[in-house]
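**Q** Quick one: this structure, given as structure tokens, is what I'll be asking you about.
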Amino acid sequence: MLKDAYTADVTPERDGEEVRLAGWVHEVRDLGGIKFVLLRDRTGIVQLTLPKQKVPKETFEKVPKLTKESVIRVEGTVQANEKAPGGVEVIPQRIEVLSESDTHLPLDPTGKVDADLDTRLDARVLDLRREEPQAIFKIRNVVTTAIREFLEERGFIEVHTPKIIASATEGGTELFPVVYFERDAYLAQSPQLYKQMLMAAGFERVYEIGPIFRAEEHNTRRHLNEAISVDIEMSFIESEEDVMRVLEELLAHVFRKVREECEKELEALDRELPELETPFERITYEETLDLLSEHGIEVEWGEDLPTEAERKLGEIFEEPFFITEWPRETRPFYTMAKDDEVTTAFDLMYQGLELASGAQREHRYDVLVRQIEEQGLSPEDFRHYLEAFKYGMPPHGGWGLGLERTLMTITGAENIREVTLFPRDRKRLHP
């Protein structure tokens, strides 16, 4: 390896040790008889100090030629110094330029010069070098790891369902068509139908962390056309409460893990995460409309909640909460109904965002066919899905959790694009 340590490994306790470091030139300061280079890698920044009398002439003379963001390799000696950042510096004996950067940068990775979001996304690779994006994506890694650990401990099996499908998952029109030889095909909106088929296959508990694609024309701070969804499905449930408990306990676990493992990253983002207490509060859809009406926002029965309503609910409820018993007309055909008006469906809300949706599913073949027809769809279009219900389908339910929206609540990002490496929205297909 070209390096044997990260910058974070360089501590005063290693005074006198030889190290090999590699990273990016963050800053260069030339004071004549002494020169400084700030070397950055994914763990932080360390100061390279070059007194003219203590380093080789070749190394000393190389510093003024270094351009910001060039990639360099350094061999030197750790030296404790209370005046240096972090109380430590490295005295280089050798500096090797591995890759020289252009002097004209489309944005400043040090963050000293502000840039708008579009500029940052256009130069995303440089933008991702900044401290805040680095913190966000380290947190994202901890979040997905925590999700997997939580679900695996509870007997869930990770699966990967098709992303090229022949028909709409939910009968909607928000589909991206793809060229698939001589047939029509689409990108999957969700793994929903396949999760249910796996319940019939006897898997009992499955989860997937994977992409979903929705051809929505929304161009807001909370919408993407390609996103990552965390989905589960579980068999032999008594009611939707069984899957709601898994969801609330998972979210509390994720927040706890991020607090424990991402102290430095949260500090970089100026965030303090609360300890989520379970169970979360539950209010029905009808109660939600009444509450909104009390605050001057009128929503007709059977309508989805507009953004204004979600924001107001985020002001009323400081903690995550569930909205339950959604009207039948607002939910897909596979949702189990409680009566002629409402269903077992629920949404998880937090900070004015809908984070997750779920329900107990309809497992009875004849009822499912009827509900497909009632929504103006053809059972023939779902024949392979329906086939699974003919040979013994257990009562089951599940949910889908938006990973990016969850990360918005954790990191404080105001725009969903901030928590996505290379976002895809209505106007952005590059980089």
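Positions of Cβ are set from backbone N, Cα and C atoms, glycine also.
I grabbed these lines from Swiss-Prot:
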- Glu170, Arg214, Ser357, Arg361: L-aspartate binding site (BINDING)
- Arg214, Ala215, Glu216, Arg222, His223, Leu224, Glu354, Gly402, Leu403, Glu404, Arg405: ATP binding site (BINDING)
- Glu354: Mg(2+) 3 binding site (BINDING)
- Glu354, Ser357: Mg(2+) 2 binding site (BINDING)
- 192-195: region 'Aspartate' (REGION)
- Pro85: site 'Important for tRNA non-discrimination' (SITE)
**Q** Here's one to test understanding: among the recorded positions Pro85, Arg214, Ser357, Arg361, whose C-alpha is closest in space to the C-alpha of Leu403 (ATP binding site)?
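**A** Sorting the recorded positions by distance from Leu403 (ATP binding site), the top entry is Ser357.
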**Q** Could you measure the widest C-alpha to C-alpha distance across Arg214, Ala215, Glu216, Arg222, His223, Leu224, Glu354, Gly402, Leu403, Glu404, Arg405, the residues recorded as binding ATP, and give it to a whole number of angstrom?
**A** 19
**Q** Under 8 Å Cβ to Cβ from Arg405 (ATP binding site), same chain, six or more residues apart: give me those in sequence order, or none if nothing qualifies.
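**A** The list for Arg405 (ATP binding site) reads Arg222, Leu353, Glu354, Leu355, Ile416, given in order along the sequence.
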**Q** Just to verify a number: CA distance, Ser357 (L-aspartate binding site) to His223 (ATP binding site), in angstrom, no decimals.
**A** 15
**Q** Return the average pLDDT for the region 'Aspartate' (192-195) as a whole number.
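**A** It averages 97.
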**Q** I want to check the contact list for Glu216 (ATP binding site): same chain, sequence separation of six or more, C-beta distance under 8 angstroms. What comes out?
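**A** Counting only residues 6 or more apart in sequence, the Cβ neighbours of Glu216 (ATP binding site) under 8 Å are Glu174, His223, Asn225.
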**Q** In which DSSP state, out of helix, strand and coil, do we find Arg361 (L-aspartate binding site)?
**A** strand
